[in-house]
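**Student:** Let me give you the structure first, and then I'll get to my questions.
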C-alpha cells in the first residue's frame, strides 16, 4: 500500500535534503493534483464518455495544424474539450440518460466537494497552526530544544536549517524588543507615510495592469471572433496576445513589488513575506476579476457560442501560464545559477521562492476552476501541467536552488496558502460559475442547454416531469425553493460556528491553565528542593559544632568470664 502512494519516496528525499519548508510546496502541488484527478475522472465518466459513445456532436471539424495546442480553436472548436461539443439530447437507454442533468450535476458535485474539502482543510490547519499554537511555541527555548528537523541528512540542508533557526530566534527577539521599545510619534508618522506610499504604488500598478489588459487584449479577441477564418493563422495567433500580456504582468509587477517593499524597511522578515503575498494575490485576482467581468458582460451578447469562447480563453491562459513557468525555471533558476556560480560569484546560488511558486499554483488552479463549466476536460491540461512542473521543479531544486533563508513559520505560511486557495480563489471561481448557471442565457446554437432561459431551468423541467407525489419534486418545491430553508441553514451554520469558536477558546484557556500548572509545579519542586538543601546544610553545621556523645546503652558481652580477675 505504501508503494501505491504517489511520489512518496521523492517527497521523503526532498524533505530530507531541503527541509519541511520546501517540502510544503511539493505537498501543496500534490494536493492540487488530487483535486484535478478527481475532476477529470468524474467529468470523463459522466459527461464525456456518454457524449462520445451515444450522441456524438461532430460537425465541421477542420484539419489539425498544430497551432490549436496553444489557441484551443480550429480543430478543437467543436470537440468535447469545450462546451460547444456537447448537446442536451436524452440518451435512449434503460434508464434514460439526460445529458443536461449529467452536465449540471457533475459540475455541481465536483465544486461542492472541493468547497467542503477546502473548508475542512482550512479549519484544521488554522486550528493546528494558529488557534492552539500559543505560549512556548513563540519562545526561544521551544525553538532551541524542539524545532530541529531530524529527517534532514544533507550537510548543506543542515547548515540552511541552522541559519533558518538563527533567523527565527532573531525575529522573535526583535518582536519582543519592538514591543518594549515604542517608536516616537515622528518615527511612527514616517513609517506610516512610507507604508501608505508603498500601498498606493502597488495598488496603482495593479489598477494599471487591469486597465491595460481590458483595453489592449479583449478587443483583439472580439475582432478575431467576428472575422474568424479557419485558414487565417495570423488572426488565430493574435488571440495569444491577451494571455501573453496577462502572464507578463504576473511576472513583472511582483518584481516591482519587491523593489517597492525595500523603501518600507520592515524589521520583521515574516511581515514582509505576508505583505508581498497579499499584494501579489490582489494583482492576480484583480486581473482575473476584470477578465470574468468581460466574459460575462460583453461576450454573451456579441458571440453566438460564447461558452466555448470563454473556455478557449481560459485554455489559452492556462497554456501560456505553463509556458511562462517553464521559462521561469530555465531563465530564473538555471541561468541564474550559472551566472551566480561561474560569472558573478557574489550573487551565489538562487533561493527557492516558496511564496511565488505557491501563488503560481493557486493562480493556475483558479483558472481550472473558472473553466470547469466551459471546458469539462480542462482538468486534463491541469493534470499534465502539474505532473511536468513537479518533476522539473524537483530537478531544478536539486541542481540550481538552495532552500530559502527567510521562511518564517512554514506551517503557518502553509495555512495562509490553503486559506488563499479557498478565498478568494475558489470562492471567486464558484461565484462566476454560479452566476453563469443562474443568471445568463445559454447559447441557442451549441451546448447542452440550448433553448433554456438559464442552465438552472433544466432542474425545473426535470422536476415538473416527475409525478406530484414524487419525493424529489416535493423536496425541490417545498424545501430548496423556500427562503426559510436557506435562512435556517444560515442560522445553523452560524450557531455551529459560534460553538466551535467557544470550544476553541475553551481549549486555549485549558492549555493556558495547564501550562500555568506546569510552571507552578516547577516552582513548588524548586522550593522544596531549596528547603531540603537548607535543612541538610543546617544539620551538617550542627553536627560539626556538637561534642561527641558517648553511647551509654548496656551491651551483653559473651566473653564476660575472661574479664574477671585471676585471683577470684
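Easy rule for this one: first residue shown is 1, then count along the chain.
Every residue, even glycine, has its Cβ placed from backbone N, Cα and C.
All TrEMBL annotations are machine predictions without curation.
Reproduced below are the annotations present in TrEMBL:
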| type | residues | note |
| --- | --- | --- |
| TRANSMEM | 31-55 | transmembrane segment |
| TRANSMEM | 67-86 | transmembrane segment |
| TRANSMEM | 101-120 | transmembrane segment |
| TRANSMEM | 192-217 | transmembrane segment |
| TRANSMEM | 237-260 | transmembrane segment |
| TRANSMEM | 281-301 | transmembrane segment |
| DOMAIN | 305-411 | domain 'TMC' |
| TRANSMEM | 313-331 | transmembrane segment |
| TRANSMEM | 413-438 | transmembrane segment |
| TRANSMEM | 484-501 | transmembrane segment |
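Distances, neighbours, how buried they are, the whole picture for these features please.
**Tutor:** Here the transmembrane segment (101-120) has long-range neighbours at 35, 38-39, 42-43, 46-47, 50, 86, 369, 372-373, 376, 418, 421-422, 426, 430, 433, 437, 448-449, 455-456, 458-459, 462, meaning same-chain residues at least 6 beyond its ends whose C-beta is under 8 angstroms from one of its own.
Residues of the same chain lying 6 or more positions beyond the ends of the transmembrane segment (192-217) and with a Cβ under 8 Å from any Cβ of it are 241-242, 245-246, 249, 253, 256-257, 260-261, 263-265, 279, 282-283, 286-287, 289-291, 294.
For the transmembrane segment (281-301), same-chain residues at least 6 beyond its ends with a Cβ under 8 Å from one of its own Cβ atoms are 202-203, 205-207, 209-210, 213-214, 218, 222, 246, 249-250, 253-254, 257, 309-310, 313, 317, 359, 362-363, 366-367, 370, 420, 424-425, 428, 432, 435-436, 440-441.
Counting residues per DSSP class in helix, strand and coil order gives 80 helix, 2 strand, 25 coil for the domain 'TMC' (305-411).
Remote same-chain partners of the transmembrane segment (313-331), defined as residues 6 or more beyond its termini with a Cβ less than 8 Å from a stretch Cβ, comprise 69-72, 81-82, 221, 239-240, 242-244, 246-247, 250-251, 291, 295, 360, 363-364, 367-368, 370-371, 374-375, 378, 381-382, 385, 388-389, 392-393, 396.
Among residues of the same chain six or more beyond the transmembrane segment (484-501), none has a C-beta under 8 A of the stretch's C-beta atoms.
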**Student:** For the transmembrane segment (237-260), find every same-chain residue at least 6 residues outside the stretch whose CB is under 8 Å from a CB in it, and list them.
**Tutor:** 67, 70-71, 73, 198, 201-202, 205-206, 209, 212-213, 216-218, 220-221, 224, 276, 279-280, 283-284, 287, 291, 312-313, 316-317, 319-321, 323-324, 328, 356, 363
**Student:** Averaged over the whole of the domain 'TMC' (305-411), what is the pLDDT?
**Tutor:** 87
**Student:** Determine which residues of the chain contact the transmembrane segment (413-438) at the Cβ level, with the cut-off under 8 Å and only residues 6 or more beyond its ends counted.
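**Tutor:** Residues packing against the transmembrane segment (413-438) from afar: 21, 24, 28, 104, 107, 111, 114-115, 118-119, 121-122, 125-126, 128-130, 273-274, 277, 281, 285, 288-289, 292, 296, 354-355, 358-359, 362, 365-366, 369-370, 372-373, 407, 454-456.
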